[in-house]
Amino acid sequence: MPEQEPLSPNGRKRSEVHYISIPLNRGSAFSPDDSVSQFQSDGFMTRRQSILDHPVGSFKGVNSLSRFATSLRRANSFRNIELNADNERSFFKESNDETYDPDTLAPALDGRRLSVTLNNAGRPRITNLANNDRVSTASMAIHDDDYGSIQNSTIGDSGSILRPTASLTEMMSGGAGRRFTNNDMDSIVVKRVEGVDGKVVTLLAGQSTAPQTIFNSINVLIGIGLLALPLGLKYAGWVIGLTMLAIFALATFCTAELLSRCLDTDPTLISYADLGYAAFGTKGRALISALFTLDLLGSGVSLVILFGDSLNALFPQYSTTFFKIVSFFIVTPPVFIPLSVLSNISLLGILSTTGTVLVICCCGLYKSSSPGSLVNPMETSMWPIDLKHLCLSIGLLSACWGGHAVFPNLKTDMRHPDKFKDCLKTTYKITSVTDIGTAVIGFLMFGNLVKDEITKNVLLTEGYPKFVYGLISALMTIIPIAKTPLNARPIVSVLDVLMNVQHIDEAASAIKRRAAKGLQVFNRIFINVVFVLIAINFPEFDKIIAFLGAGLCFTICLILPCWFYLRLCKTTIKPWERVACHVTICISVVLSTLGVGAAIIS
């Protein structure tokens with residue numbers, strides 16, 4: 001089914017987007033071998049149904065739990081650092097050949113070439129996707145819950161499972177005689193689009209539904225930065241602190257929408273790095289790769305600090321340095337686990353974070369005397385302590401709004417990208433309530449006694465049920481275990497590429513294979529050693545969060561999106577939008593400088 005794309009930057013209508021549906025069993029996996037032509041090897045191999053594939057309440061069909069898990073896995077794979085600054089598009093080996101991960105059907109830097117899969121025997125070739133006269137008359141229209149009516153094309157290949165005479169049951173199951181009874185069977189959908197440069201490329205269509213995108217967005221935004229929000233509110237005071245939180249939430253929501261508009265200028269753009277290249281060329285992509293590296297490094301360090309501080313508060317006889325060293329032996333093994341498993345483990349991270357917030361709130365209601373009580377709040381301040389602390393609060397209060405690095409990927413992964421703005425609205429409503437609520441509750445409970453991590457206050461305050469102390473420590477221990485490996489993976493991939501060991505040639509000698517595997521192991525261990533060493537030398541959690549917020553969040557979430565919009569949408573931007581973007585950039589540069597300076601000086 002053709003679908004009209006938005007207007008291009010020069011105002012003309014772009015070519016239509018053609019969608020082609022290829023039947024498959026959704027509970028399938030890709031073969032690693034691109035060369036074979038048997039159905040189970042050249043496309044999709046059936047596997048046993050997981051318990052997650054079965055409908056559970058509202059979680060059924062395209063929103064089944066297995067689809068949520070797969071969508072989360074794709075979202076986690078979007079966090080990557082690109083070394084090839086000259087590459088116009090992130091996930092293309094050639095000008096019109098996208099690469100993807102066979103397990104998640106997500107774009108991947110080192111994935112399988114889409115053309116190889118489509119060009120295997122019995123598959124619609126890329127050149128056929130827009131040439132209906134070459135497609136068999138057996139093509140039919142099917143209906144998908146999210147895509148709507150889509151052209152389902154087959155090629156007249158008598159030896160193919162997708163031959164025109166094959167029944168729908170055969171196409172779905174790989175053989176005759178089996179009834180089409182699985183409600184979770186559908187199709188892989190590819191689309192053929194024309195970029196602003198006139199090149200026609202074939203891409204995988206987005207797969208995530210709106211609820212899945214909202215879930216992935218919340219998972220990106222709600223992190224350990226919210227644990228430092230009460231301290232930020234203490235530094236800024238009620239008046240300025242709450243005002244800054246509201247402004248940061250609104251501003252980052254608006255810039256996320258600007259990124260969405262920038263993506264609409266060219267349907268072949270997929271990632272944040274693609275926007276950087278489109279706006280500033282190779283230098284833009286290189287800058288973004290450097291920023292992403294710093295962001296991942298800072299996140300990994302802050303997780304190690306959180307681990308050490310939380311256990312030290314529970315077991316003060318052991319130093320924070322001791323627990324940081326212990327964290328190395330705990331977070332290093334998961335780095336060797338496949339992404340499919342890590343993605344499921346990462347769910348524990350957001351569950352632990354939200355669980356911690358709920359526990360803290362319950363503790364405040366349980367305790368009747370201050371400090372640590374919502375019934376009898378501590379004394380608080382309306383205005384900042386001093387100018388230095390006000391500047392430090394800038395980074396603390398802005399760090400929790402940084403999800404823009406993966407927002408472009410989340411939009412392009414949607415079945416209906418036009419719903420992305422509505423998803424953002426829901427995401428920011430939930431995130432704003434969580435973040436602002438945590439800041440207010442923490443500040444009321446501990447007032448001017450609040451520490452860099454609100455959990456540390458709870459662990460050091462007497463009067464709560466005994467199990468609370470162990471529970472919070474356990475939750476704070478789970479978060480680094482769940483998230484540190486995901487922060488390390490992109491940096492490890494960079495080291496593997498630099499050392500040319502990202503792929504081990506099985507045809508090489510045994511010595512070379514062992515050396516390559518040894519380097520891969522070394523890289524994974526080395527990154528975690530770096531996390532721990534930096535955490536030991538820079539042990540203050542609030543300073544790390546303030547630096548990430550003021551230095552990186554302002555750049556990635558406010559300055560660059562406005563700059564992208566000014567460059568990529570210059571022919572359609574309204575005058576007031578141009579002024580607003582320039583004002584936002586100027587104010588962000590000033591606030592970022594003040595915040596970074598305060599974090600370094602303090």
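For all residues, glycine too, the Cβ spot is worked out from N, Cα and C.
According to Swiss-Prot, the protein carries these features:
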- 1-208: topological domain 'Cytoplasmic' (TOPO_DOM)
- Ser8: phosphoserine (MOD_RES)
- Ser15: phosphoserine (MOD_RES)
- Ser35: phosphoserine (MOD_RES)
- Thr181: phosphothreonine (MOD_RES)
- Ser187: phosphoserine (MOD_RES)
- 209-231: transmembrane segment (TRANSMEM)
- 232-240: topological domain 'Vacuolar' (TOPO_DOM)
- 241-261: transmembrane segment (TRANSMEM)
- 262-286: topological domain 'Cytoplasmic' (TOPO_DOM)
- 287-307: transmembrane segment (TRANSMEM)
- 308-321: topological domain 'Vacuolar' (TOPO_DOM)
- 322-342: transmembrane segment (TRANSMEM)
- 345-365: transmembrane segment (TRANSMEM)
- 366-389: topological domain 'Vacuolar' (TOPO_DOM)
- 390-410: transmembrane segment (TRANSMEM)
- 411-429: topological domain 'Cytoplasmic' (TOPO_DOM)
- 430-450: transmembrane segment (TRANSMEM)
- 451-466: topological domain 'Vacuolar' (TOPO_DOM)
- 467-487: transmembrane segment (TRANSMEM)
- 488-517: topological domain 'Cytoplasmic' (TOPO_DOM)
- 518-538: transmembrane segment (TRANSMEM)
- 539-543: topological domain 'Vacuolar' (TOPO_DOM)
- 544-564: transmembrane segment (TRANSMEM)
- 565-580: topological domain 'Cytoplasmic' (TOPO_DOM)
- 581-601: transmembrane segment (TRANSMEM)
For the topological domain 'Cytoplasmic' (565-580), the number of residues DSSP places in helix, strand and coil: 10 helix, 0 strand, 6 coil
Stretch-level contact, the transmembrane segment (544-564) and the transmembrane segment (287-307), CB cutoff 8 A, at least 3 pairs: yes
Interface check, the transmembrane segment (322-342) with the transmembrane segment (241-261), three or more C-beta pairs under 8 A: no
Paired segments the transmembrane segment (518-538) and the transmembrane segment (241-261) in contact, 3+ CB pairs under 8 A: no
Cβ contacts under 8 Å made by the topological domain 'Vacuolar' (366-389) with residues that lie 6+ beyond its boundaries: 234-240, 441, 443-449, 457-458, 461, 463-465, 598, 601-602
Contact between the transmembrane segment (287-307) and the transmembrane segment (581-601) (at least 3 Cβ pairs under 8 Å, separation 6+): no
Confidence summary (mean pLDDT) of the topological domain 'Vacuolar' (366-389): 94
Counts of helix, strand and coil residues, the topological domain 'Vacuolar' (308-321), according to DSSP: 9 helix, 0 strand, 5 coil
The transmembrane segment (209-231) versus listed stretches 241-261, 345-365, 430-450: most Cβ pairs under 8 Å: 430-450
Stretch in 345-365, 390-410, 430-450, 581-601 most in contact with the transmembrane segment (241-261), if contact is a CB pair under 8 A: 390-410
Closest-packing stretch to the transmembrane segment (430-450), where packing means Cβ pairs under 8 Å, from 345-365, 390-410, 581-601: 345-365
Tertiary contacts of the transmembrane segment (390-410) (same chain, 6+ residues out, Cβ under 8 Å): 75, 78-79, 107, 208, 213, 216-217, 220-223, 225-226, 228-229, 231-233, 235-236, 240-241, 244-245, 248-249, 252, 255-256, 259-260, 263, 269-272, 274-275, 292, 295, 384, 420, 431, 435, 439, 542, 545-554, 556-557, 561, 591-592, 594-599, 602
